[in-house]
Amino acid sequence: MEKSNDSSEYGFILVGFSDRPRLELVLFMVNFTLYSVAVLGNSTIILVCIFDPRLHTPMYFFLANLSFLDLCFSTSCIPQMLVNLWGPDKTISYAGCAVQLFSFLCVGSVECILLAVMAYDRFAAVCRPLHYLVIVHPQLCLRLVAVAWGSGLANAIVMSPLAMTLSRCGRRRVNHFLCEMPALIKMACVDARAVEMLAFTFAILIVLLPLALILVSYGRIAAAVLKIQSAAGRRKAFNTCSSHLTVVSLFYGSIIYMYMQPGNSASQDQGKFLTLFYNLVTPMLNPLIYALRNKEVKGALKRIFPMRQWSARISITFVQCHTAEAIPVPGDCLLGLAVVKTSCDYILGTVF
């Protein structure tokens with residue numbers, strides 16, 4: 001298959017939301033804020049899981065990997081989208097589009113599989129609590145993460161070149177805000193059914209199969225929870241899985257809803273916003289979900305980033321003026337830091 005005679009030389013035009021210019025500034029401000037929160041939140045989760053020894057367990061090992069994937073997932077397309085929203089230039093180079101597509105396919109595939117791995121981890125924690133650390137040992141954790149990354153890389157290595165090298169007969173306008181594979185395939189001026197079938201096969205293996213494993217795991221978890229007699233035990237088991245189940249629902253819910261829509265113009269607009277949702281909103285919400293609903297993460301945050309009570313005493317005996325007068329200053333102050341102004345100087349109080 002040949003490259004487009006124009007796209008490889010001049011790149012692509014990401015249409016995005018350019019048909020709604022008034023919306024672009026609003027989207028820029030909202031997306032910049034959400035992206036900043038996503039970067040800060042996921043970076044914090046990674047640092048907490050690394051530096052707090054109490055979180056050196058399989059669950060938080062997978063959580064740190066999920067946060068790293070969310071960082072990569074958002075960064076693969078959001079900065080380029082912000083550039084396009086800010087100015088009139090909507091272009092992206094051929095190489096930039098190829099890198100974006102490869103990153104999007106790879107990281108998205110890894111996240112689908114990692115969510116299934118995390119569901120298995122929760123199954124072992126709830127259904128086999130006495131043997132949990134024996135079943136989910138460190139070597140198994142590394143192997144499962146390696147399988148997830150290997151599968152994602154294989155998907156990206158196979159599908160990215162096929163999508164990028166389709167002949168487009170000079171078409172450069174991508175009806176999306178990123179180089180997404182379905183949008184690139186629709187631009188082809190040749191029969192692309194073989195590529196579509198291969199993409200569908202990979203989707204079954206990487207999206208639907210992990211989703212089936214997640215549903216089976218949570219089905220077993222639900223059966224085990226119903227057998228617990230005490231309400232406190234059921235509540236503890238539910239809290240163990242609720243954060244991950246919420247993340248799975250957000251991620252898979254948006255993907256399934258988007259790809260079940262008919263291919264008209266209205267659903268294309270919905271597809272842009274839904275892609276934005278699981279590419280930006282979900283990575284932004286994941287750290288909040290795990291931080292707000294998990295006592296261990298909240299405890300680790302307090303230990304690593306202690307919130308001190310800034311009520312201290314300010315000790316200043318007197319202030320020396322140019323007139324050589326000694327002006328008494330009260331010894332106690334309710335503020336954490338006091339600045340005493342005289343006609344001569346600014347004296348900073350000593351906090352202790």
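A Cβ is built for glycine as well, from the same backbone N, Cα and C atoms used for every other residue.
Listed in TrEMBL for this protein:
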DOMAIN    41-290  domain 'G-protein coupled receptors family 1 profile'
TRANSMEM  25-50  transmembrane segment
TRANSMEM  62-86  transmembrane segment
TRANSMEM  92-120  transmembrane segment
TRANSMEM  140-158  transmembrane segment
TRANSMEM  197-216  transmembrane segment
TRANSMEM  237-260  transmembrane segment
TRANSMEM  272-292  transmembrane segment
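Between the transmembrane segment (25-50) and the stretches 62-86, 92-120, 140-158, 197-216, 237-260, the greatest number of Cβ pairs separated by less than 8 Å involves 62-86.
Of the candidate ranges 62-86, 92-120, 140-158, 197-216, 92-120 has the most C-beta pairs within less than 8 angstroms of the transmembrane segment (237-260). In this chain, the transmembrane segment (197-216) lies apart from the transmembrane segment (62-86): fewer than three C-beta pairs between them fall below 8 angstroms, excluding pairs fewer than 6 positions apart.
Taking Cβ pairs closer than 8 Å, the transmembrane segment (92-120) reaches residues 7-14, 59, 62-63, 65-66, 69-70, 72-73, 76-77, 80, 84, 144-145, 147-149, 151-153, 155-157, 159-160, 163-164, 174, 178-181, 184, 202, 206-207, 209-211, 213-214, 217-218, 244, 247-248, 251-252 in its own chain, all 6 or more past its ends.
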